[in-house]
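Student: Questions regarding the structure given below will be posed in turn.
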Amino acid sequence: MGFITKAIPIVLAALSTVNGAKILEAGPHAETIPNKYIVVMKREVSDEAFSAHTTWLSQNLNRRVMRRSGSSKAMAGMQDKYSLGGIFRAYSGEFDDAMIKDISSHDDVDYIEPDFVVRTSTNGTNLTRQDNVPSWGLARVSSKKAGGTTYYYDSSAGKGVTAYVIDTGIDINHEDFRGRAKWGKNFVDDMDEDCNGHGTHVAGTVGGTKYGLAKGVSLVAVKVLDCEGSGSNSGVIKGMEWAMREASGGGNGTAKAAGKAVMNMSLGGTRSQASNQAAKAISDAGIFMAVAAGNENMDAQHSSPASEPSVCTVAASTEDDGKADFSNYGQLVDVYAPGKDITSLKPGGSTDTLSGTSMASPHVCGLGAYLIGLGKQGGPGLCDTIKEMAHDAIQRPGEGTTSKLIYNGSGK
């Protein structure tokens, strides 16, 4: 979910508490999915207890189906399970009010959150030089002054690093990827293609040969958004879980260790405790995450996963080092990166120019991959490295917001 279309920000508040398990409600503007919920276990719940809980759930649902009258609509029940890093266990599915009441009273349950729609967020060594760059953001990242047209970078260019792009998919056959992009997993439909274009644009900025910051990085498409650039929060979390397992060596991915992996999430929706907790589990596993701050011109604390402190939250800057008028801001923003009128790849072999914090975040993801390729330590601490390297450049960044603009340390 990039920030092309407007993501709806909402704050989750406790609706009720039954035996300690909170049922959260979405704010007044949330695009909730009827009868769909995410159920999060208490942190101390073990794998064995989680399995026992889901068995209890299935038995409870079966009893309800047997008692149900023919005129009542049957709910689908549990549809997905999540386990991230041993600290986040949850499941999602379709449940009626009575079942949600039963689930909330179970001792293993920490909280229950309504599922909702999430949308894209678009609106000094021997250096290699790329002259007359096709997108101004490339030149800006490698120069201490605005207005340049050359991108300076080390030839290592992120080789040996894998970037997971959690988005609308990637046109892996686009010639600018030179065979470095592949499909990972699709959680939204049966079409392994980017029918929206957002994910391909994002991936191009991360690691395109001509348009990307890390020109040697391997790219993996994790599709969680459909052709309209939208999907469910539960589906996004499922994509996050898969990417974390692959990046940690639990699957058959190209990243053999979490420290050699980066993730980009140019998407967001209302503030979600479940989404933030899943993002924290990924960070705790030693994986660097760049996340779009959002495009509502408000405090990023109202958007997820941008409001999770352990990720690297990115606001959007303009070509003259101003804050993009749409960009979110606030204390949770870690850095600014180019995000207005960014040219990158489009499915089918062409290019497109888009604006949004969705375009800013992949600059940071690409920079993260580039720095790991240079030997910098990966993981969430890489965001601190990026902030230390950044320079004060953004004019009027927003109340309580950093003025730091990313820089790759080229010395130029």
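Here, residue 1 is simply the first one shown, and the rest follow in order.
Cβ from N, Cα, C; glycine included.
The active site, charge relay system annotation in Swiss-Prot covers Asp167, His198, Ser358. The domain 'Inhibitor I9' annotation in Swiss-Prot covers 36-120. The domain 'Peptidase S8' annotation in Swiss-Prot covers 135-412. As annotated by Swiss-Prot, N-linked glycosylation site applies to Asn123, Asn126, Asn252, Asn264, Asn408. Per Swiss-Prot, signal peptide is recorded for 1-20.
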Student: Using a 10 Å cut-off between Cα atoms, which of these recorded positions sit near His198 (active site, charge relay system): Asp167, Asn264, Ser358?
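Tutor: So the list reads Asp167, Ser358.
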Student: What average pLDDT does the predicted model assign to the domain 'Peptidase S8' (135-412)?
Tutor: 95
Student: Could you say which of the active-site residues His198, Ser358 has its Cβ with the most other Cβ atoms inside 10 Å?
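Tutor: The residue with the densest Cβ neighbourhood is Ser358.
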Student: Hey, what's the Cβ neighbour count for Asn408 (N-linked glycosylation site) at 10 Å?
Tutor: 25
Student: Would you kindly give the Cα-Cα distance separating Ser358 (active site, charge relay system) and Asp167 (active site, charge relay system), rounded to the nearest Å?
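Tutor: Checking the Cα atoms of Asp167 (active site, charge relay system) and Ser358 (active site, charge relay system) gives a distance of 10 Å.
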Student: For Asn264 (N-linked glycosylation site), list the number of other Cβ atoms lying within 10 Å of its Cβ atom.
Tutor: 34
Student: Going by DSSP, is Asn408 (N-linked glycosylation site) sitting in a helix, a strand, or coil?
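Tutor: The three-state answer is coil.
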Student: Please report how many Å separate the Cα atom of Asn408 (N-linked glycosylation site) from that of Ser358 (active site, charge relay system), as a whole number.
Tutor: 20
Student: Take the domain 'Inhibitor I9' (36-120) and count its residues per DSSP category (helix H/G/I, strand E/B, coil), listing them in that order.
Tutor: 29 helix, 33 strand, 23 coil
Student: Between Ser358 (active site, charge relay system) and Asn264 (N-linked glycosylation site), how far is it from one CA atom to the other, in Å?
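Tutor: Here the two Cα atoms are 9 Å apart.
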